[in-house]
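Asks: TrEMBL lists these features:
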- 1-19: signal peptide (SIGNAL)
- 62-254: domain 'ABC transmembrane type-1' (DOMAIN)
- 64-90: transmembrane segment (TRANSMEM)
- 97-120: transmembrane segment (TRANSMEM)
- 126-145: transmembrane segment (TRANSMEM)
- 179-198: transmembrane segment (TRANSMEM)
- 234-257: transmembrane segment (TRANSMEM)
Amino acid sequence: MKIKIGFGILVFFALMALAGPLLIGADPAATSDDGLQGPSAEHWLGTTQTGQDILTQIVYGARISMGVGVLSAVIANLLAILVGLVGGYFGGAVDEVLSVLTNIFLVLPALPLIIVLAGYLPQRGVGSVAVVIAVTGWAWGARVLRAQTLSIRRRDFVQAARASGEGPLRIIFFEIMPVLLPVIATSFLATVVAAILAEAGLSFLGLADLSTVSWGSMLYFAQNGQALLIGAWWWFIPPGLCIALIGTGLALVNFGIDEIANPRLRTIKVKAPRKART
């Protein structure tokens, strides 16, 4: 049930990001004289201080926020797979060097490091922000995959593949990695959530590309426009609610994958005993 609800939420936001801008067709940066108008028939979610339509910005912002999250997760998980599986399989000096590198990134505080790196970016586009988030978020996934690989490499099917003459890279990516797909999937989804939150945080602090509309940049301009003080709740609640909902959807799918991969986590339904007939 969890995975169905979570998947439904993700499909809704994915359709919003892909098809929403085509259906709406309006410019999210277009201004009007209807500044700070609450939800109405003309503007379903109200307008900003300069008359920009909130609903249009929400729809266009989904593409940027989710794009940064997915791109960051792809880069981070590729690094985690490469470092974790290679280090866990080969062991020895290779594992020691990669473990030291992983530990360095694990002990570094992620959010301050993201802020520092983003502050020095010459161009703060979507790709640059995604790379910064990925570079600071791959280490914990690599640590988990390394531990799993250390256990799997001693199993019979790996020993049989080695005895049959298969090369190390083929064993790593065609024998070991398929067994770790549930772990990789949960790591990917968790990284997407963290990346979306990190992008929103960077935009809120003014360290991302504010020329593009994202849920984080909407919160930035709402804060600068003192939306909370003037009671313009429709300006900051929708983007914050979208971030919370997509995080919830990803978490539910993640929990569902965990239950499928590990049957011990499944909820067992106990039927009440029937009463004997008298």
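Along the chain as shown, residues are numbered 1 onward.
Note that Cβ sites are derived from N, Cα and C of the backbone, with glycine treated the same way.
A TrEMBL annotation is a machine prediction, not a hand-curated record.
Explain the structural surroundings of these features, please.
Replies: When Cβ-Cβ distances below 8 Å are used as the criterion, the transmembrane segment (64-90) is approached by residues 13-14, 17, 98-99, 101-102, 126-127, 129-131, 133-135, 137-139, 141-150, 153, 168, 171-173, 176-177, 180, 184, 187-189, 191-193, 195-196, 198-200, 212-216, 242-243, 246 of the same chain, each at least six residues removed from its ends.
Note on the transmembrane segment (126-145): residues 64, 67-68, 71-77, 79-81, 83-85, 87-88, 98, 102-103, 105-106, 108, 110, 113-114, 117-118, 180, 183-184, 187, 191, 194-195, 198-199, 202, 208-209, 212 of its chain, located 6 or more positions outside it, place their CB under 8 angstroms from a CB of the stretch.
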Asks: Same chain only, please: residues at least 6 beyond the ends of the signal peptide (1-19) with a C-beta under 8 Å from a C-beta of the stretch. Say none if there are none.
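Replies: Contacts of the signal peptide (1-19) (Cβ under 8 Å, skipping residues fewer than 6 from its ends): 58-59, 62-63, 66-67, 242, 245-246, 248-257, 259-260.
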Asks: Near the transmembrane segment (234-257), which residues from the same chain, at least 6 beyond its ends, have a CB less than 8 A from one of its CBs?
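Replies: Apart from its flanks, the transmembrane segment (234-257) reaches 2-10, 13, 36, 38-39, 45-46, 48-49, 54-55, 57-58, 61-62, 65-66, 182, 185-186, 189-190, 192-193, 196-197, 200, 215-216, 218-219, 222-223, 225, 227-228.
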Asks: So which residues does the transmembrane segment (179-198) touch in its own chain, when a touch means Cβ under 8 Å and the partner is 6 or more beyond its ends?
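Replies: Distal contacts: 65-66, 68-74, 76-77, 80-81, 85, 110-111, 114, 130, 133-134, 137, 141, 144-145, 148-149, 152, 243, 246-247, 250-251, 253-254, 257-258, 260-261.
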